[in-house]
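Record features, source Swiss-Prot:
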TOPO_DOM  1-39  topological domain 'Cytoplasmic'
TRANSMEM  40-60  transmembrane segment
BINDING   42, 115, 122, 123, 155, 156, 229  substrate binding site
TOPO_DOM  61-64  topological domain 'Lumenal'
TRANSMEM  65-85  transmembrane segment
TOPO_DOM  86-184  topological domain 'Cytoplasmic'
BINDING   87, 92, 124, 128, 268  Fe cation 1 binding site
MOTIF     87-92  motif 'Histidine box-1'
MOTIF     124-128  motif 'Histidine box-2'
BINDING   127, 236, 265, 269  Fe cation 2 binding site
TRANSMEM  185-204  transmembrane segment
TOPO_DOM  205-208  topological domain 'Lumenal'
TRANSMEM  209-230  transmembrane segment
TOPO_DOM  231-327  topological domain 'Cytoplasmic'
MOTIF     265-269  motif 'Histidine box-3'
């Protein structure tokens, strides 16, 4: 696809790199670990959300067919707000997006309600730079529950806060879409995560307000949350490591399916700037094949970064666990 002029008002220049490469110089502080402080408000809210989601699952068979379609549409839209938006576009700058596409992804991100783009991207860059150390927000060394959801139920480790403050985030601060969403995040969440998913089926085709709230809003929200969390937990514990056997992130097919392409995690932590997050392009990778590649074809995205096949094979042979298809 031919390159577009940066001068065009819908295109914005992006920095070539971001701080998402593991920092081997970091050393955890000696001595006792700081006490774990439970945030009871978060515990209560997460518990209520999942109880509501279970009730939504019970109500799901009674929903109208249009509500099922709406449910899956909202699920995909909010998931893309994380995978194609907060993750691959804003955290890693692995491709460039036009202003309309940025706005679309920011709205999907608000529907996903997993912290605003700025905070999500900051924490994700810290996760990559200090993976599985005290400075990692969802350090998998602390166990499945902590890396899955527990990290959101307690105060952050002091090193997470310290390293997050020192991270270079000028690209995010200069991004008008990111900062606009951050400024109006709470009303955007109320609108996109709860009001729109509930109002549309109730008003447009007469779905029960009860079903409209518990199925497209709460159940959908909880499913996307847990799909994202599985990348932090399961994909750091179970699977093979064909590219770098010295790190914990794994290739996990179940996570790949549930998180629409985010389960090729050993590859992703080895080559974090690759827009596909996988050696295999479209295989089990809805975010890459059906969305980012389509956006590039339509001219709404451009310059997707990719690792050469030669570099991938060389790295797999040098540091992989021997499970790579090339042997």
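Just so you know, glycine gets a Cβ as well, placed from its N, Cα and C.
Here the features listed in Swiss-Prot are painted onto the structure.
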residue : record                   : CB count, 10 Å
42      : substrate binding site   : 13
87      : Fe cation 1 binding site : 24
92      : Fe cation 1 binding site : 23
115     : substrate binding site   : 17
122     : substrate binding site   : 22
124     : Fe cation 1 binding site : 21
128     : Fe cation 1 binding site : 20
155     : substrate binding site   : 14
229     : substrate binding site   : 20
236     : Fe cation 2 binding site : 28
Distance, residue 128 (Fe cation 1 binding site) to residue 229 (substrate binding site) (CA atoms, angstrom): 15
Residue, out of the binding-site residues 127, 265, whose Cβ gathers the largest set of other Cβ atoms within 10 Å: 265
Confidence summary (mean pLDDT) of the topological domain 'Cytoplasmic' (86-184): 98
Rounded Cα separation (Å) that holds between residue 156 (substrate binding site) and residue 269 (Fe cation 2 binding site): 22
Local Cβ density at residue 123 (substrate binding site) - other Cβ atoms counted within 10 Å: 21
Cβ neighbour count (within 10 Å, all chains shown) around residue 269 (Fe cation 2 binding site): 25
Among 156, 268, which are binding-site residues, the residue with the most C-beta atoms within 10 angstroms of its C-beta: 268
Chain residues outside the motif 'Histidine box-2' (124-128) and at least six past its termini with a C-beta under 8 angstroms from it: 18-22, 86-87, 91, 135-138, 160, 163-164, 167, 169, 232, 269, 272
Within the topological domain 'Cytoplasmic' (231-327), residues counted as helix, strand or coil by DSSP: 40 helix, 5 strand, 52 coil
For the transmembrane segment (185-204), distant same-chain residues with Cβ under 8 A (at least six beyond the ends): 64, 66-67, 70, 74, 78, 107-108, 110-113, 116, 211-213, 216-217, 220-221
Close approaches to the topological domain 'Lumenal' (205-208) from elsewhere in its chain (Cβ under 8 angstroms; 6 or more beyond its ends): 62-64, 66-67
Nearest of the binding-site residues (128, 236, 265, 268, 269) to residue 115 (substrate binding site) - Cα to Cα: 128
Helix, strand and coil counts within the motif 'Histidine box-2' (124-128) (DSSP): 5 helix, 0 strand, 0 coil
